[in-house]
Amino acid sequence: RYEPRARWIEQEGPEYWERETRRAKGNEQSFRVDLRTALRYYNQSAGGSHTLQWMAGCDVESDGRLLRGYWQFAYDGCDYIALNEDLKTWTAADMAAQITRRKWEQAGAAERDRAYLEGECVEWLRRYLKNGNATLLRTDPPKAHVTHHRRPEGDVTLRCWALGFYPADITLTWQLNGEELTQEMELVETRPAGDGTFQKWASVVVPLGKEQKYTCHVEHEGLPEPLTLRWGKEEPPSSTKTNTVIIAVPVVLGAVVILGAVMAFVMKRRRNTGGKGGDYALAPVSQSSDMSLPDCKV
């Protein structure tokens, strides 16, 4: 059964949770069909573990107009098929996805998906923003610090942490004498912290004794001005020493909805009220993917 995970959505009535529960059960049945179809396309046995991911969502202008829509599928962590920015055509990642693309083109799937993105997706975003305005449109500035790690090679890794920020959009860069170290820098994707905020770090390898020449620069809309940090020039928060744990929360089935650069959150939506999943099956009439995940072999 669907249950609230944020206080602001608890105000939705019983009919909302009943409807979403029915839709989730319909999704489950549809995805079972999709997985069996994918197994057949890739000539795989029914044994073992396989994953089908779906993400749909809309970016909306401040005046409520649709800016960009997403409708994407991935199989076993790899791109499968995605609705393009024109919301009319598809990009298929491999030969199996080409089969799905042809079936969807024949069935007019892109037109139906575009109608959902331009209509229901935008309408629900407006409702969620109205109900959760104080939470969803807030800005939490990052807590930033630099950690120091000796390497067996004799040099040092400096890691710049940004923790507890919202929304997710943030910029971390390392500089040496005012020049950005884009090529030398390791940068992880922004990750959910599990408490409604986000985390990110960027690291650079530097010669021992030269640490003070390197500066980390942090830009976020929650900051009155960008931060500039050096190793040893600030105290890390007591709860986030060198052994800071980054938590990654995978989103398997949801729709990412963003208002400008201000707000991003995940909502689970489907156009249908459940059913057999015909509009979403990979076989006769299905939809899309574009997770841009590495090391995918098909």
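Each Cβ is built from the backbone N, Cα and C atoms, and glycine gets one as well.
A disulfide bond in Swiss-Prot ties C121 to one cysteine from C58, C78, C216, and that cysteine is C58. Among S30, S49, S289, the residue that Swiss-Prot annotates as phosphoserine is S289. Residues S62, S288, S292 are shown; Swiss-Prot lists phosphoserine for one of them, S292. For the recorded site, C216 (disulfide bond), the DSSP three-state label reads strand. The two recorded residues, C58 (disulfide bond) and C160 (disulfide bond), show a Cα separation of 32 Å.
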